[in-house]
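Chemist: This is the structure, below, for whatever I ask next.
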Amino acid sequence: MRLPAEALKDARKIVCFSGAGISAESGILTYLDQMPKLWAPYDPRALETANAFRESPALVWGWYLWRRRQVDRAQPNAAHLVWPQMVNLGYEVSVVTQNVDDLHERAGSTDVIHLHGSLTMPKCFACHRPAELTSDQMEIPDEGALVEPPRCKRCRGKLRPGVVWYGEDLPPGTWKNAVSLVKNCDALISVGTSGVVTPAADLPHIALASGATVIHVNTVDVGAQAANELMLVGRATDVLAKIHESLSTGKNNDNG
């Protein structure tokens, strides 16, 4: 890991840009994994649209309740924990994630930017007002179930997940904040993202264009073509642990 450690040696501002691969090691299913029987006939992406919710609200709401329970039972892994540890080394670390779970926050990262929203923050499908669920409204069997969405206390519209569905735009303020962080970082470390979902996939390119070093961490080679771009193939927990170890050693040597 000498090369990435050397690339990060003079960095002060680091952006973690994370995707599904970082949470997969905590047991969070990805689109490639087998779904529970109730939803097995469906492509998960087909359930993540406003039209799907209009046509089958109980199917879609039940799907998201099951996913939320899956996240609640999961624990942050070493790849989530490394970012607060890097803060302790003196780096200014920001997290921009495509994930809708809260594992970064539970690992100790603060002010996480969720490009695609969050499972923990439902809202009204009609008036878009944020809502909170009671514990009984979050109950769902292990095998999943069709569940009619609760109603908004304000307008009686159906509650929907507070995530960005396919065909919907990212919240302008969220995207603006993410781009600002990326344009001003010294290094961007992309972890577990395929780099195909736009506009999120543009962030590494924005970082490169702004002169930052970009390090890709993935179980498959997603390509690194620019002079200031590195590709590290491996599990996020393993690769990031080695990077952190190298940086810690470097800091200790500098202080010694």
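Glycine residues also receive a Cβ, built from the backbone N, Cα and C atoms like all the rest.
Copying in the features that Swiss-Prot gives for the protein in this structure:
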- His116: active site, proton acceptor (ACT_SITE)
- 19-39, 98-101, 192-194, 218-220, Ala236: NAD(+) binding site (BINDING)
- Tyr64, Arg67: substrate binding site (BINDING)
- Cys124, Cys127, Cys152, Cys155: Zn(2+) binding site (BINDING)
- 1-250: domain 'Deacetylase sirtuin-type' (DOMAIN)
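Help me see these features in their spatial surroundings.
Modeler: The Cβ of His116 (active site, proton acceptor) has 20 neighbouring Cβ atoms from other residues within 10 Å, across all protein chains displayed.
The Cβ of Asp101 (NAD(+) binding site) lies under 8 Å from the Cβ of Ser23, Ile28, Val71, Ala74, Ser118, Leu119, each of which sits 6+ residues away along the same chain.
Listed in sequence order, Leu29, Leu119 are the same-chain residues at least 6 apart in sequence whose CB falls under 8 Å from the CB of Arg67 (substrate binding site).
Long-range neighbours of Cys124 (Zn(2+) binding site) (same chain, six or more residues apart, CB within less than 8 Å of its CB): Ala131, Cys152, Arg154, Cys155, Gly157, Lys158, Leu159, Arg160. Under DSSP, Cys124 (Zn(2+) binding site) is assigned to a strand (E or B) in the three-state scheme.
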Chemist: Under 8 Å Cβ-Cβ from Gly27 (NAD(+) binding site), six or more apart in the same chain: what's there?
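Modeler: For Gly27 (NAD(+) binding site), the qualifying residues are Gln70, Arg73, Ala74.
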Chemist: Cβ within 8 Å of the Zn(2+) site centroid (Cys124, Cys127, Cys152, Cys155 excluded): which residues?
Modeler: Phe125, Ala126, His128, Arg129, Lys153, Arg154, Arg156, Gly157
Chemist: Are there residues of the same chain, six or more positions away from Trp39 (NAD(+) binding site), whose CB falls under 8 angstroms from its CB, and which are they?
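Modeler: Long-range Cβ contacts: Leu47, Leu59, Trp63, Trp66, Gly144.
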Chemist: Given the binding-site residues Met35, Cys127, Cys152, Cys155, which one is most crowded in terms of C-beta atoms within 10 angstroms?
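Modeler: That would be Cys152, with the highest Cβ count within 10 Å.
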Chemist: Given the binding-site residues Ser23, Asn218, which one has the fewest other C-beta atoms within 10 angstroms of its C-beta?
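Modeler: Sparsest of the binding-site residues Ser23, Asn218 by Cβ contacts within 10 Å: Asn218.
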Chemist: If I take the Cα of His116 (active site, proton acceptor) as reference, which of the binding-site residues Gly19, Met35, Tyr64, Cys127 has the closest Cα?
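Modeler: When the Cα distances are compared, Gly19 comes out closest.
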